[in-house]
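As recorded in Swiss-Prot:
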type	residues	note
BINDING	10, 11, 12, 149, 184, 205, 206	substrate binding site
ACT_SITE	96	active site, electrophile
ACT_SITE	144	active site, proton acceptor
C-alpha cells in the first residue's frame, strides 16, 4: 500500500492557491514537512500539477483534486488517470462533495487510478457513503459532511459519531484503507480530536490556504498529531 500523508491540504480553486501562489503554498508545505518530519500532501489545481511536481515533488505528496471516469481519446475537458500520472503526481482525490461522482463512475475511476499506481483517496459525506467508498479498497477514505466544509466547525467536534462510525465501517470492508477526517478542520485541537476518534489524519483546505500565515497554520495542525 502507498503511504497516506496524515495531513493533506486541498488548494481547491482559491485565487490564493493558483499559479505562483500554488508554488508558494507548495514550498510552504515542503518546508513544514522538512522541519517536522511529518509527511504532507497537497492538492493543487490541475493546471498547476506539473509545475508543483517539478518544484516540490521530491519533498511532499502531490495529488490531483479529481479525475474523470474517462479513457484517453475524444474526451474534451476531461482529466484521465493517465494524464495525472504523466504530470508526475502521486495520486488523486475522488468524489469530493464539490465534485461528486455517480457510484458506477466512481467504481471505474477508482479501479483505474489504483491500476495506474496512484494514491487514491475517496471522499464521503457520511458513514454510509464511507462504507461504500471503503468497499472500493482505495488507499484512504476522507469523511467530510458537506454542510461543515468551510465553516470552521470541525466534524470531529460537531458530529464525532460520524467519524467513529466511519472508521468502524471502513475497516470492516477494507482493513488497510486509512480514514481521514475533513470539513471544518482549522487547528491542532481539531486534528487531535479527529485522531482520538480513530482517524489516521485530516484533509484540510481553507484553514491553511486562506490563513494569514499558512506556514503557522500548517504547523499548528501538525501539532495535533503529537
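Backbone N, Cα and C atoms are what each Cβ position is placed from, and that goes for glycine too.
Distribution of Swiss-Prot features across the structure.
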residue : record                       : CB count, 10 Å
10      : substrate binding site       : 25
11      : substrate binding site       : 23
12      : substrate binding site       : 21
96      : active site, electrophile    : 24
144     : active site, proton acceptor : 29
184     : substrate binding site       : 24
205     : substrate binding site       : 24
206     : substrate binding site       : 21
Item to complete: Using C-alpha atoms only, work out the spacing between residue 11 (substrate binding site) and residue 144 (active site, proton acceptor) and round it to an integer in Å.
Response: 16
Discussion item. Please report the three-state DSSP label of residue 206 (substrate binding site).
Written reply: helix
Item to complete: Provide, as an integer number of angstrom, the distance between the C-alpha atoms of residue 205 (substrate binding site) and the residue listed as 'active site, electrophile'.
Response: 12
Discussion item. Whole-number answer please: how many Å between the C-alpha atoms of residue 10 (substrate binding site) and residue 96 (active site, electrophile)?
Written reply: 10
Worksheet item: In which DSSP state, out of helix, strand and coil, do we find residue 11 (substrate binding site)?
Response: coil
